[in-house]
Amino acid sequence: MSINLDKFSNIIKNQIKEYQNKALYSEIGRVINVGDGIVQASGLSNVMLNELVLFENGSYGMTLNLEATTCGIVMLGKFEDIKEGSIVKRTKNVVDVPVGDGLLGRVIDAMGNPIDGNGEIKYDKKMPIEKIAPGVMARASVCEPLETGTLAIDSMFPIGKGQRELIIGDKQTGKTTIAIDAIINQKGKNVKCIYVFIGQKNSTIVQFINTLKQFGALEYTTIVASSASDLPSLNYLAPFTGITIAEEWMSKGEDVLIIYDDLSKHAIAYRTLSLLLRRPPGREAYPGDIFYLHSRLLERSGKINKENGGGSITALPIIETEAGDISAYIPTNVISITDGQLFMLTNLFNSGQRPAIDAGLSVSRVGSSAQINAVKKTSGSLKLELAQYRELDAFSQFGSDLDKETKEVLEHGKKVMKLIKQDKNTPFSQSLEAILLFSIKEKYIRWIPVDYIEDFKEKIIRHFKQQKTILETIDQTKDISQDLFVQIKNEFNSLITSYIKTIPDYNLDFVGL
């Protein structure tokens, strides 16, 4: 076989012409030290803060510390087989998560990966989890109510769309129940919900998912779950994943409710990472930027103007206190960042009051401007009355010799507490709340003995649900006109008259209708 040397020569010449002397460039470093989910690496001289880095075992990490010759990396996956000398590569990307409607009804981890066994998530784009909050001129004032369905909250501490209302209290005081009821009550109200679990038990997360399924609320809810068994780095990232998903909907003009359960564990996770990275500790061993951690997270919630999308993110962060100490470091930080707080009392909860909200310490700083007129007119001085009752009730423990006026205030307070008592997973509509508040405002409950108040409340609910026109009118107009006021009054007069006849040994002459 003859060899065509000219042909070979031409092939070689063409290859030389097309050859480009380009080296495959990749920044790599070496692991110096590894332990407790923290890696110290050298050689990554151009790495960014919060950049994702890839280890040779396929796990990712995130840079949190940048020093002269080394960088501190927190692991986001398995690190057991990473050892000194292992290779680590830059990705030149920050942590980003999928966003969009494909996340509704799904349970994801802090990295945006599905963990509910329902297959891959369909999404159009990913967004970085760190973003600067909207500026002052991009925001709009809070003017629409976010209906929680909890009578005590909607009447005394109303929450507006775009507000940040803290739920604070000890363990087992009903904090999560308020958040769940708020989500259940958004059904049919075109509000998307996000629930962020931070360092919670897996059994608690499963129970929560089952509750949402039971009430058909999972279809408009996204759950970001970072359990107690996850790495501190994932507990740290979870709230930022949640708010990033919410921001995408807000930018499209939609309303979002996001709940962080809870930020106490978030602060502990960040403290753990900071101490392992050898950052200098401050008060209660928290790092110096712990306030900034929560402020930059919560400032991303709010209501934005039409030019920027016109949507809103309402945030309900939860803080767990120890022995009712709201003056501790993290509680005072978050109280100063948020637009109000609902303080849950242990002794109220143990006495059977649900929700166990302290009317004296709780406040909503911007929600009243978003309250509908029907509830605003009927709630009146309810908060003041309850605060007076709590004060007098504590004072009355010291002596039995009370004047008539004090006894009347205490009696009225007991009745109001019974009336605003509400079982979990039974949210009220705003029209029904206005009717129940009407019975307090117009002093109809004074004719009913304390022991019969809860039964009378059920009678009110049944009676007005049958008289649909009154509730429908309030729902449509969001107000109580003079004609409607008279109509409601007549209904109550007939209801009271018929109800007191069913009470044994009741003195009918006592009623002044």
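Cβ coordinates come from backbone N, Cα and C, glycine included.
Copied over from Swiss-Prot:
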BINDING   G169, D170, K171, Q172, T173, G174, K175, T176  ATP binding site
SITE      S362  site 'Required for activity'
Among K171, K175, the most crowded of the binding-site residues [Cβ within 10 Å]: K175
Other CB atoms, at most 10 A from the CB of G174 (ATP binding site): 21
Binding-site residues: Q172, T173, T176 - member with fewest neighbouring CB atoms within 10 Å: Q172
Number of other Cβ atoms within 10 Å of the Cβ of S362 (site 'Required for activity') across all protein chains: 23
Candidates G169, D170: member of the binding-site residues with the richest Cβ shell (10 Å): G169
Distance from K171 (ATP binding site) back to S362 (site 'Required for activity'), taken between C-alpha atoms, in Å: 17
